[in-house]
Amino acid sequence: MTDQPAKKVHSAPTLKVQLRSENAIAPTKGSAAAAGYDIYASQDCVIPGRGQGLVATDVSFTVPVGTYGRIAPRSGLAVKHGIQTGAGVVDRDYTGEVKIVLFNHSDRDYAVKRGDRVAQLVLERIVDDAEVVVVESLDESSRGEGGFGSTGN
């Protein structure tokens with residue numbers, strides 16, 4: 001018998017999902033290569049023109065260790081209807097219902113129907129042990145203090 005190193009078993013990170021009502025729909029990916037998981041509305045609501053609203057999902061989840069969940073807009077809603085998302089960070093220790101803040105930048109009311117995909121959840125890695133150090137000044141960079149489009153002129 002030879003001494004061979006044990007094979008490493010790679011297990012995929014787990015996104016734990018709790019469906020809190022019969023109207024809840026588990027997040028899904030639109031394709032195998034999609035960056036985010038589609039998040040679904042659990043009930044009908046209306047986002048007023050030039051207003052905002054909170055969309056129920058009746059879903060809670062725990063993101064994998066070392067990540068947080070970023071609630072991101074769906075490009076189709078933005079382009080076709082002027083709908084954007086807001087307040088988009090879900091911490092690993094948050095276990096309540098994830099609700100989606102939608103902003104309507106159009107003049108017309110936008111009707112959300114139960115089962116509509118209203119946002120996407122993107123899992124992003126975090127650095128959770130960075131030490132905060134207060135300094136007198138920062139290292140020089142070629143960009144300097146230029147912001148808000150300064151690199152593209």
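Glycine is no exception: its Cβ is also placed from the backbone N, Cα and C atoms.
Residues or ranges marked as dUMP binding site by Swiss-Prot: S75, G88, D91, Y94, K99, R143, F148, G149.
Residues within less than 8 Å, Cβ to Cβ, of G88 (dUMP binding site) and separated from it by at least 6 positions along the same chain comprise R70, I71, A72, A119. The most crowded of the binding-site residues listed here (Y94, F148) is Y94, judged by how many other CB atoms sit within 10 Å of its own CB. Residues within less than 8 Å, Cβ to Cβ, of S75 (dUMP binding site) and separated from it by at least 6 positions along the same chain comprise none. Just so you know, the Cβ of K99 (dUMP binding site) picks up 18 other Cβ atoms within 10 Å once every protein chain is counted.
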